[in-house]
Amino acid sequence: MIQKPIISYFYGFFAVWFIATILLFLYGGFFAVYQGTILSVLELSLSFDNAVVNATILATMALVWRKRFLIWGMIIAVFGVRFVFPILIVYFSTPMGFIDSFNLAVTNPDEYERIIESSHHVIMSFGGMFLLMLFLKFIFDENKDLHWIKSIENFATKISKIGDVKILFILFLMLGITYIAPNQVVMGDNMVNVNKIEILAPMIIGVIAFYMIEFLKGFIEHKNEEESDSKITQVSGGFISFMYLELIDMSFSLDGVLGAFAITQNIVIIMLGLGIGAMAVRSLTIYMVERDVVSKYIYLEHGAMWSIGLLSLSMIVQIFHHLPPMLVTTFAIVPITLAFIHSIYKNKEFILDSKENEQ
């Protein structure tokens with residue numbers, strides 16, 4: 001079977017990049033294009049691990065749902081998460097209606113940014129906890145037999161056989177936040193006193209969202225086993241996995257959406273700039289699935305999950321302290337890079353062993 005050329009996986013990205021760049025230029029000239037380019041690089045650097053995680057989930061889905069992820073998912077990612085979601089934050093944080101919230105975003109970006117920043121701790125609490133649950137599910141998997149950081153992953157696999165260690169870990173984390181963490185949280189350049197419930201409640205919602213998706217996935221998989229020929233269960237299973245991917249994508253995007261305000265407060269530039277990066281991530285995901293990249297590089301998923309773990313903890317830390325954007329980007333990139341290099345080394349080792357056995 002003839003494989004598609006690598007460049008063909010990125011035609012959609014190039015089309016989105018070209019159209020978005022023209023729109024940015026028409027909207028704000030060369031400076032808007034410059035800001036949009038920086039935002040697209042920011043999105044890609046923060047979401048590279050997202051592409052690997054998406055690829056592992058997407059590989060189990062039917063071709064039709066892969067296409068829907070690329071088309072519908074892109075609309076949700078750009079228009080929903082990068083455009084509507086920040087406006088909804090203003091809508092729920094103030095007495096203003098949705099139209100007034102939209103007008104505020106367009107006509108008074110400074111006030112719009114101030115309101116978004118006042119919800120920083122709530123957004124980081126939810127997103128950080130959801131991603132942390134994703135990492136803990138991976139690390140405390142009693143059936144996992146391939147380990148990258150062996151000393152930690154071996155130990156985690158052993159103790160996971162005792163019970164659901166994830167919940168114990170989360171409860172201790174919440175206990176620490178309740179009694180040890182400061183009452184002051186980051187709001188823009190200031191530190192503001194808040195009630196701890198404003199941190200704990202979004203965290204609990206993040207945990208509930210994770211377990212609800214896991215429950216629905218398990219329920220659909222069980223139904224599929226009983227009614228393997230049923231189109232209804234196949235469609236519902238694909239839909240649940242699709243929604244799971246979108247929730248993961250949203251959690252990854254929260255950091256990027258908030259970080260975008262350090263570059264511009266203009267909602268149109270943010271949407272277009274981050275949208276270019278989001279399309280790059282999706283194109284990379286499809287490439288990884290169709291070329292079976294994750295299974296070829298055996299530690300790549302491990303690296304992505306460790307990136308998620310570090311990124312989730314950095315989001316929780318950012319509730320209380322400022323972290324340099326470069327440090328957060330490093331958390332996203334370094335584990336995957338190391339895992340990729342280690343995978344190449346391991347593959348070469350496997351080839352050499354095979355040749356020796358043949359001789």
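Glycine residues also receive a Cβ, built from the backbone N, Cα and C atoms like all the rest.
Away from its own ends, the transmembrane segment (9-34) comes close to residues 40, 70, 74, 266, 268-269, 272-273, 275-276, 279-280, 282-284, 286-287, 290 of its chain (Cβ-Cβ under 8 Å, at least six residues beyond either end). Residues annotated as transmembrane segment in TrEMBL: 9-34 (among others).
Within its own chain, the transmembrane segment (46-65) has Cβ neighbours under 8 Å at 134, 234, 238-239, 241-242, 244-245, 248-249, 252-253, 255-256, 259, 277-278, 281-282, 284-286, 288-289, 292-294, 300-301, 303-305, 307-308, 311, 328-329, 332-333, 335-336, counting only residues six or more beyond its boundaries. As annotated by TrEMBL, transmembrane segment applies to 46-65 (among others).
Look at TrEMBL and you will find 70-92 (among others) tagged as transmembrane segment.
What TrEMBL lists as transmembrane segment is 122-140 (among others).
The transmembrane segment annotation in TrEMBL covers 167-187 (among others). Through the fold, the transmembrane segment (167-187) approaches residues 117-118, 120-121, 129, 132-133, 136, 140, 193-194, 196, 198-200, 203-204, 207, 316, 318-322 of its own chain, all at least 6 residues removed from its boundaries and within a Cβ separation under 8 Å.
The transmembrane segment annotation in TrEMBL covers 199-220 (among others).
Under the heading transmembrane segment, TrEMBL lists 232-252 (among others).
Taken from TrEMBL, the feature transmembrane segment covers 258-281 (among others). Panel annotation: around the transmembrane segment (258-281), residues 10, 12-13, 16-17, 20-21, 23-24, 27-28, 32, 35-44, 46-48, 50-51, 54, 74, 77-79, 82-83, 86-87, 105-106, 109-110, 112-113, 116-117, 120, 123-124, 249, 325, 328 of the same chain, lying at least six beyond its termini, place a Cβ under 8 Å from a Cβ of the stretch.
Under the heading transmembrane segment, TrEMBL lists 302-320 (among others).
Remote same-chain partners of the transmembrane segment (326-345), defined as residues 6 or more beyond its termini with a Cβ less than 8 Å from a stretch Cβ, comprise 42, 45-49, 52, 148, 255, 259, 296-300, 302-304, 306-307, 310-311, 314, 318. Among the features that TrEMBL reports, transmembrane segment is placed at 326-345 (among others).
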Fill in the blank from the handout: For the transmembrane segment (302-320), the distant same-chain contacts (Cβ-Cβ under 8 Å, at least six residues beyond its ends) come to 46, 48-49, 52-53, 56, 120-121, 124-125, 127-132, 134-135, 138-139, 146-149, 153, 173, 181-182, 184-186, 199, 252, 254-255, 327-328, 331-340
